[in-house]
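Here is the structure we will look at.
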Amino acid sequence: MKGIKFIGTGSYLPEKTISNDDLSKIMDTNDEWIRQRTGIGQRRMAIEEGCVDLATKAAISALENAKLKPEDIDVLIVATCTPDNYCPSVACMVQEKLLAVNAVAFDISAACTGFIFALKTAESLLKSSEYKNALVIGSEVMTKLINFENRNTAVLFGDGAGAAVISKNDFENGIKDIYIKTDGSGAGLITMPALGSIKDANFEDKEFTYVSDNTRDIFMEGREVFKFATTIMVSMVKDILEKHNLDISDIKYVVPHQANIRIIDYAAKKLKVSSDVFYTNMEEYANTSAASIPIALHEMNAKGLLSKGDNIILLGFGGGLTFGSALITW
Ligand code: UT7
């Protein structure tokens, strides 16, 4: 039986850093509130780059790490909720930039759980076909949709991209399980309506005078999402451990979506494990939605934190509502 394994990781973060103090100059917030309530210290902002640019750079970094050429890639999936265009997909534009001429490329929209959804899709395609190598990318330019007059969400998000190459071969280690699920009853809890086709064209009168407005914003019922996130993180870890007859002590690292340090501390407490088991970097990059897990994974890989045989769990949750987990033996 052939296994599917991570053979390379990569990331790209735009250069511009925006500190909490920078934000406090343009809205009623402060470094102390943001750090205490979220664990976020700063975020990156894409200025002249878009989602495709970030995704392409993360992909190049992952391909180098995997020692593969773009033409070796059979499947190229980008998880994003901030695409540069509705059409073409980010993935098709990345394919063109990389000259990944043999790949089938498409996007997946599952908000902050996007990377886990994309990983599951890529794994399924590799398992069910002759495809051998997949490039899975999470790329987001959240700051382009933020309303910097809405402190409730403006302080939370940042831009970035992470990528991973997975490959099918006679591997013993690798992806052991991936679980994804949605609960549309919570669809209204996190919304980004700016690009949505649900909004009527903004014509004011019969003369067809177009009224431009700035509708970009991210709305979140923070407390409700907080409750959902803590509950789902704990149950996803318990479920995947039980299914594979493992104990939390068998897990080297949990790599969670980087939404809020308090969510992670709560989950660690409930699971009776040190918070150090949960890898975090939201202090530096804030919440980069679908990019947060692959960025963290690459950082851990680059730091040499992952050794052959280590069990790790990836945990995603977010808008949709969407959630998912993956058990990987490195
Ligand atoms: O990535 C997708 C998944 N997302 C998540 O998992 C996020 C889950 N939710 C959270 O992380 C938290 O709910 C937030 C960080 C979004 C908010 O933290 P909170 O502790 O739930 O704060 P809150 O919304 O209950 O607001 C508490 C107070 C309010 O003031 P009053 O009404 O008590 O006077 C807010 O107006 O904090 C105020 N506040 C702020 N103050 C300074 C809200 N945002 C800010 C801000 N700066 N940026």
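Each position is counted from 1, following the chain as shown.
Heads up, the Cβ atoms here are built off N, Cα and C, so glycines get one too.
Note that the coordinates shown come from a computational prediction; the quantities given were computed from them, not determined experimentally.
Here is what TrEMBL says about this protein:
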- CYS112: active site (ACT_SITE)
- HIS257: active site (ACT_SITE)
- ASN287: active site (ACT_SITE)
- 106-184: domain 'Beta-ketoacyl-[acyl-carrier-protein] synthase III N-terminal' (DOMAIN)
- 241-330: domain 'Beta-ketoacyl-[acyl-carrier-protein] synthase III C-terminal' (DOMAIN)
- 258-262: region 'ACP-binding' (REGION)
ASN287 (active site): tally of other CB atoms within 10 A of its CB: 23
Alpha-carbon spacing, ASN287 (active site) to CYS112 (active site), which is rounded to whole Å: 9
C-alpha spacing of CYS112 (active site) relative to HIS257 (active site), in angstrom: 7
The domain 'Beta-ketoacyl-[acyl-carrier-protein] synthase III N-terminal' (106-184), counted residue by residue under DSSP: helix, strand, coil: 26 helix, 33 strand, 20 coil
In the chain carrying CYS112 (active site), residues 6 or more apart in sequence that have Cβ under 8 angstroms from it: HIS257, ALA259, ASN287, SER289, ALA290, SER292, GLY316, PHE317, GLY318, GLY319, THR322
Other CB atoms, at most 10 A from the CB of HIS257 (active site): 31
Three-class DSSP secondary structure - HIS257 (active site): coil
Summary of DSSP states over the domain 'Beta-ketoacyl-[acyl-carrier-protein] synthase III C-terminal' (241-330), given as helix, strand and coil counts: 37 helix, 22 strand, 31 coil
Per-region confidence, the domain 'Beta-ketoacyl-[acyl-carrier-protein] synthase III C-terminal' (241-330) (mean pLDDT, whole number): 97
